[in-house]
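**Q** Structure provided below as structure tokens; questions to follow.
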């Protein structure tokens, strides 16, 4: 470690403070010490090394005939202790090997133990040992790096050293050890005078070696590190870590300081000077500080500090050259009177936080003080301070406009206009270490901004948001980010640093999510606000070594104009190779425009504040997209340069504003207390279809609030918007919501309920066939449900296996338009009046902890002989009793038992319900569209919708082939496949479906594990080891299969038609109806 001793001398009479920095080279340095003195000191200090601090190394020396080792040994059985190195002759073989330190103990020479030898015997042995000398050396391990010291901070630097023999002119000790108590960093314990490291001048005793020629020395033993150094070329690039002192005296100084620094004769301080103007007077300022120099390490001087005097000589009338010459003429102790930079200019913070108060000390640089020409400024005679002039001057400081570009004249900063203002400064936190800051709670992880609107640059109304960005760079070029914050590098920041500059064609620019002026909140989880600018830069440099960094940034989003509906234009700046941040989706439905399906947070598109998912893209640069495909639109965008003009249409249904068509929006907070919410939500996997509440449990939590009703649309769950999210994501959010669930509800004051279609109506007489596309869109927007028939997911064991009435005969995805009855009592009445259940059901997901609503299910007891002649039998005692039992459990407070039942249902364990899960049949009648779920003697039926969609001719032909197939039947099976250890595979391949989502068995190796397990070609894989794969493609499913281990548990869907093998997977697996096909492209 490299230490500095600080002595404070308070001079109350003259109003000055004095700080003295004396260099202490630590216990390993011997350059300027008398060898005899070292010997005596070591005798008193080190008779032996405690085991926990003892290190051992092997030193091999090759001496020429007639030459000596240049090594002085003291000790022996007849002397004062164990044999040890008491002196190394400068220029001798032992000194130039750079492997020995004075004070090292010699245990053995060429395998001969020295413990029981007298002093003369040891000397004789060394003289007659031969050309090759192998020494076993014990040394004291270097002290560990302090973890919680707030008085120093580490920095790193790369230096290049020339090799001299097999070494670079320094001794290092430490390294990894099998006993973790003895593991240390590789620490420099001695720099040989005149050696390569000494001539270069940067490396000092106490510095840690991190890397050599790109080879990391982390967790490397001392022996391996020496071997790496010997194998280096003639020029080695070293990355070293050194310590910089944090001087509270300097940071908290209220006026000039007298700084005394001791340096080695012939060495330089490591500062360069320049001239500047302060209060209309020319001053000498520190322009730059050389990294790892004496000045940098002491932490007392910083760029921007004013030098008032050098060794008592005033610099008021000195030129830059004269001041530099004056510094160079000082041999050892340098005495400088400085004015720290934070007292010579405005602090980097908004003007309302600037506080100017009268100083008790008057110096030659004050505008109201007559300077008396004396080399001792403390002896100046000063007149009485003029309060009035001081007050006026303070007013002018506070009234001055402040911006991030106002520090352009400050050394070390360049003028950059920021489009984001610094945040309001909070009270400065106490200085903490990086480890403590890493454990601090983040306050910026909300996905929705909770901050209120503020006024930004130019009077624009903005709000702040934050996001996390992953950048990938390289150690040579980094990430392309330059930061700005504070006055000097070691000042503790009271607000996060700003991004000052983004390098062209760097990872930061190419990601398209960063802009100049953004606030950097954290780097790899470490908050930047309580650290220093140098620490932030160091974190970026360290992250570059691993080629990856996670940045949390805060930025401004404009909200001066936020259109709720209508058509408008948006202009976005575009740079070559940088994404706009929008993802567009194309719908196959004729006449439907392209849709913005996603917007990257932090992108140019997001910061405008006017675009949101669901907006329609009508034109790009005045080129209408009516007849353009998504690929054409992408091509048009790629050809745009500098500025992109987008024509956008926002529908009222895509707006969350309360002013839209009489909607009322409010927030409801539900506290579960371990119980169920009591709601059933419905929706589809289409990203912009609404998610509504389709059922409420009688006397349940949601119903008791009186604020939630059937038909209400859910806009957000726990402040996470559902816009652009499918039903599955909404379900996941509810499952992960915890004890408190906050729902943002949108209620239509005038609800339009869908009219039920006649039971006798067939597909050809669908009344919606006569509607135009725009009328269909309007109608669907009035209905709270637009797709997927209803299957209650309380039986999650079925849903987890891919069984869903919204999926075709093979469990494939069929996005079909359906409605929902919003009045359960009407539904129940209609069931009593008619044997045919309602035509339109929705895909519903109740959150009732496993309770079943009687009205949600139809339970026929036998399969009808005629497709259109379904007979409904109300002898459904099992399901009625089961549902009533669950309701009784809920009302009597048995929530724990309810949760156990829910757990068994959610994990797919049908056996827990007393049902036979060995085989589940889903039979689809080709004419009536009725779907039956059969389990043992219990049957559940629901109806498929009868909407006819406009299909392409090719799709129609495939559909007709499926309709012509005889009584298609779907069988769902659980299959276990054991891996073949000889071939290390499961013996089958998979492929994607052609007309629908899903993964299917493609080929099976005869006699292989899959063949022996009963797997068949064309089986659809619905679940892999309890992971649903029904909506996956091969890219997502194959990794699951690869990581399955030796056992594969599959849930498959198998078609039993006699024509299955003849028609092929694309025909059998194809859905009976197809409304839309959506593809996406990220721009």
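Note: Cβ is positioned from N, Cα and C throughout, glycine not excepted.
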**Q** If Swiss-Prot is the reference, give me the range from 813-832, 833-852, 853-872 marked as region 'Disordered'.
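**A** That would be 853-872, the stretch labelled region 'Disordered' in Swiss-Prot.
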**Q** Between 355-407, 408-460, 461-513, 514-566, which stretch does Swiss-Prot give the note region 'Disordered'?
**A** 408-460
**Q** Looking at 876-905, 906-935, 936-965, 966-995, I want to know which stretch Swiss-Prot calls region 'Disordered'.
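**A** Among 876-905, 906-935, 936-965, 966-995, the range Swiss-Prot annotates as region 'Disordered' is 936-965.
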**Q** May I ask you to indicate which of 724-753, 754-783, 1024-1053 is given in Swiss-Prot as region 'Disordered'?
**A** 754-783
**Q** Using a Cβ distance cut-off of under 8 Å, indicate which of 58-141, 468-555, 667-749, 974-1056 has the most pairs with the domain 'PDZ 2' (156-244).
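**A** Looking only at 58-141, 468-555, 667-749, 974-1056, the most contacts with the domain 'PDZ 2' (156-244) come from 58-141.
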**Q** Looking at the stretches 258-342, 569-652, 667-749, which one shares the most CB pairs under 8 Å with the domain 'PDZ 4' (468-555)?
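**A** Per the Cβ under 8 Å count, 569-652.
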**Q** Over the span of the domain 'PDZ 3' (258-342), count residues by DSSP class, listing helix, strand and coil in order.
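**A** So the domain 'PDZ 3' (258-342) is made up of 16 helix, 36 strand, 33 coil.
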**Q** Helix, strand, coil: count each for the residues of the domain 'PDZ 1' (58-141), based on DSSP.
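**A** The composition, in the requested order, is 13 helix, 35 strand, 36 coil.
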**Q** Treating G and I as helix alongside H, and B as strand alongside E, what does DSSP give for the domain 'PDZ 6' (667-749) in helix, strand and coil?
**A** 14 helix, 30 strand, 39 coil
